[in-house]
Amino acid sequence: MTLQARNLTLARGGAPILTDVSLTLAPGTLVGLLGANGAGKSTLLAALAGELAPRSGQVYLGDADLATLNARQLARRRAVLPQKPSLSFDLGVSDVVGMGAYPFPELDPAAVRQLVRDALEQASVTHLAQRRYPQLSGGEQQRVQFARVLAQCHAMHAPGQTRYLMLDEPISNLDPRHQMELLATARALAHEAGMGVLVIVHDINQAARWCDTLALLADGRLAALGPPADVLTPDHMRRVYGIEADVLAHPTLPGRLLVLAR
């Protein structure tokens, strides 16, 4: 069962944000969404998550139009990590991660506690479990929010039912080690747990290293879509980012690329 955007067009205040964009997120794949600032990446992610209604076009989860699903139905099938999660309450870290279980009221407290423990461990933030969320650094908060969406994805996972995870710039506040850990976890969720994962990143080389498929947006349109070798070309770098770049085979990772701006 795929999550599929078909010919999406979306505008805000009369200004076009997306124009005729189609994209499929399939189980078992990690898709990277790239593009310059203002290209429409976050808008496309929000539309795929069912949070924004397109002016034309549809988003389908299998055969179901996303517009026909209510908020709880959506939350039980997909989890979203926004670019800037807002949380104004003085909650403990475990309470924040436990919010991932909110769409699943049938879970008993013991099951929720285990879900939280597992998510904290998978996100490598177990050592923060007793801290207060507002007292954390920006990077620590980002990792705790990642644990929250992991809990949401793993809750009440029925065999054969695909879950989708959407991450909007999840590594923007992270140091290099934690960037790699988060993206490695995202890829494992796709390849080993069979999830469909969409991630927005600005680091082209991180996208080249971890993603199976890349979608390159330019001015609200899909400029390129495919494996990294097809998308990360000097011509695309010039047209989309306005930079001259060399694209080389990665010296230590077979089948992966390095993009070096001149």
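The backbone N, Cα and C atoms fix where each Cβ goes, and this holds for glycine too.
Here is what Swiss-Prot says about this protein:
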- Gly35, Ala36, Asn37, Gly38, Ala39, Gly40, Lys41, Ser42: ATP binding site (BINDING)
- 3-244: domain 'ABC transporter' (DOMAIN)
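Comparing Cβ neighbour counts within 10 Å across the binding-site residues Gly35, Gly38, Gly40, the minimum falls on Gly38. When the binding-site residues Ala36, Asn37, Ala39, Lys41, Ser42 are compared by the number of other CB atoms within 10 angstroms of each CB, Asn37 has the fewest. Taken residue by residue with DSSP, Ala36 (ATP binding site) is part of neither helix nor strand, so it is coil. Apart from the site residues Gly35, Ala36, Asn37, Gly38, Ala39, Gly40, Lys41, Ser42, the chain places the Cβ of Leu217 no farther than 8 Å from the centroid of the site's Cβ atoms, the recorded ATP location.
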